[in-house]
Amino acid sequence: MAAMKVQMTLTKPVTFVTGNAKKLEEVKMILGQSIPFQSLKLDLPELQGEPEDISKEKARLAAKEIGGPVLVEDTCLCFNALNGLPGPYVKWFLMKTGHEGLNNLLAAYEDKTAYALCVFSLALGPDFEPITFSGRTEGKIVPARGSGNFGWDPIFQPVGSDFTFAEMLKDEKNKISHRRRALDKVKEYFYDFNYAPRSGNV
Ligand SMILES: O=c1[nH]c(=O)c2ncn([C@@H]3O[C@H](COP(=O)(O)OP(=O)(O)OP(=O)(O)O)[C@@H](O)[C@H]3O)c2[nH]1
Ligand SMILES: [Mg+2]
């Protein structure tokens with residue numbers, strides 16, 4: 001007998017909460033029409049600690065703020081020579097030291113390998129424990145190349161490519177990015193639970 005799918009009904013569409021317009025642009029491109037969602041620009045305070053805990057806490061805060069289902073994400077750039085740092089703190093390292101400063105952090109090490117990690121958290125409402133979905137892309141840190149309009153894209157060259165994320169077309173980045181890999185899992189979750197908003201069609 002085929003397993004019956006659980007029908008998950010939400011009272012409202014999922015709100016993707018972020019203060020980062022570039023993230024939103026990519027999330028929209030990757031999700032397309034697959035999940036009905038709306039977005040809200042809000043810069044939430046962030047806990048310190050492990051990426052999953054930071055992402056989950058952001059989701060709890062966002063769900064409280066919105067009073068409904070939310071999706072958030074936290075992105076890390078992790079250097080293997082530094083045991084994963086700067087990780088979730090890359091925003092501040094980038095802001096204070098730039099691409100060159102991030103490269104210089106690895107000057108004392110031969111190992112320039114790194115990975116980009118995206119942790120999405122979905123909270124179905126303020127009383128629900130957030131669920132996480134992670135995506136990871138391996139690569140290395142290089143001197144900046146390509147357009148500098150999104151964060152550390154110019155210094156991250158994924159494994160198997162001669163180009164940095166910033167030198168790629170958006171479509172190319174979105175095929176292999178940390179964000180794409182995490183969102184594939186989010187989509188799968190929505191598919192498995194046969195998600196349907198209460199009022200409308202998917
Ligand atoms: O080159 C990049 N390619 C990416 O794919 C990417 N994704 C995020 N980032 C940057 O990495 C930091 C994460 O910090 P972060 O996750 O806390 O984001 P944020 O504070 O900007 O937004 P949010 O927390 O409101 O969602 C911030 O500096 C982001 O600009 C990226 N840079
Ligand atoms: Mg943030």
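Note: Cβ is positioned from N, Cα and C throughout, glycine not excepted.
Computed from a predicted structure; not experimentally measured.
Record features, source TrEMBL:
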BINDING   18-23, Lys58, 74-75, 150-153, Lys173, 178-179  ITP binding site
BINDING   Glu46, Asp74  Mg(2+) binding site
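Candidate binding-site residues: Thr18, Asn20, Thr75. Fewest other C-beta atoms within 10 angstroms, Asn20. The DSSP secondary structure for Asp74 (Mg(2+) binding site) is strand. Look at Thr18 (ITP binding site): DSSP puts it in a strand. If you take the CA of Glu46 (Mg(2+) binding site) and look 10 A around it, the binding-site residues you hit from Lys58, Thr75, Asp153 are Lys58.
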